[in-house]
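**Student:** Next up is a structure, given as structure tokens.
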């Protein structure tokens, strides 16, 4: 392979191994003690899902670096690329779709199954649900692919008459670039308006699966990402604003602890009542609503307990604990301010480069290119960081909406306290949104990522797919993203500085 780049292959292998090790590290440190030494299949799915999600994000910077193998070629097909990125993209995203729609649901159904049932019955129940879901999804995909699985490219038909090849090129200049005697006009440049036509071809099935998965992920990404891009930094900043200013007295601590104890007993009683209803087979809409309400109250109770422990540190190292608490809130402020700058840069870039036609500036594209000029991988690293930031914003948005809206299930990620069902849910959400993040980044940074395999898949095929192209033609997802970010900003400006009031006596809805 003439342009084979051994260094790029070594980096790709090393990074893949590091990502796998980091995924295992996150699983070990985030898992709940109740899941220790058990639930091995869900854990394997979590590690595989995290690895695929992170690698899919890193593949776009790798695609940009891979393009450098052909930087001296006259056209892209005139050389051999280091990595077969187009094939790798399709493989990764087919694996992504299989994990999201088949493997992760199976693992969740199995993990959340009735523990009183045998392993065989739990496996059978989970398999029935997944097979039924796969049949429905397969039928929908097959019907849609057969009916509208085509790509419509808008092209201009250009033609020119044949001219004798000149013996001398001395007559050519900037004012006369063509053989034609007309100044500044070649035969093709005088094409009439009706030369525009539509070139239709059938998309490959893997590309169509990636496209539909991207649409589903784009809806979730627009909602959760738009909210998260604002609430992620503002949540950290207002957490510093609402921080405890001083240590409370012992009597205040006893009073608050007593109230939390009463609340804990109420929730325990409610949980036992729901467990009895589950055993009796009464698992209707009201039961599911009550379960979500109890989960929300438990999460808020844990936050209240943590806040109380912060305000009244105990033990021999109480002063040191308080000092670390203060430093922690200062760290939140610093990260919040940095995150706010990144969020503003993201929103500004979307408006300047994507929503305004023609773009006012290439903005972040130019920043990455200049950083590459400073050091070869600096721009690529910054590019990858901006993509990862969007994924973190998606998780932050899902957590915020889960606390505010009853119909959204809460799946918190806590250090040393995350159950496997929450792990699987968040990994599935990350996988589903990672496709949309890549598509979003490939569009937002089209100037920086030009001539890459990702841009060919997401920038041309996807945006020309019949029935879907209008969502991208009119920037529906970008407008929704910016609108939700602005609404979240107003929400925090009005309510963010207020401390949450303690809830009253908890009761299950009848």
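Positions of Cβ are set from backbone N, Cα and C atoms, glycine also.
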**Student:** Under TrEMBL, the annotation transmembrane segment belongs to which of these stretches: 90-111, 156-177?
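**Tutor:** TrEMBL lists transmembrane segment for residues 90-111.
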**Student:** Can you identify, from 40-62, 63-85, the stretch that TrEMBL calls transmembrane segment?
**Tutor:** 40-62
**Student:** What residues in the same chain, six or more past the boundaries of the transmembrane segment (40-62), come closer than 8 Å to it by Cβ-Cβ distance?
**Tutor:** 8, 12, 15-16, 19-20, 22-24, 26-27, 31, 83, 85, 88-89, 92-93, 95-96, 99, 103-104, 107-108, 110-111, 380-381, 383-384, 387-388, 391, 420, 423-424, 427-428, 430-431, 434-435, 437-438, 441-442, 449, 452, 454
**Student:** Three or more CB pairs closer than 8 Å, sequence separation of 6 or more: does that hold for the transmembrane segment (90-111) against the transmembrane segment (423-448)?
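**Tutor:** These two stretches do touch.
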**Student:** Does the transmembrane segment (123-148) come near the transmembrane segment (6-28), with 3+ Cβ pairs under 8 Å (pairs 6 or more apart)?
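**Tutor:** Not in contact, no.
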**Student:** Please work out which recorded stretch in 208-241, 423-448, 476-495 has the most C-beta pairs separated by under 8 angstroms from the transmembrane segment (376-403)?
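**Tutor:** Most Cβ pairs under 8 Å with the transmembrane segment (376-403) come from 208-241.
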**Student:** Find the average pLDDT over the coiled coil (257-311) in the predicted model and report it.
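**Tutor:** A mean pLDDT of 80 is what the predicted model shows over the coiled coil (257-311).
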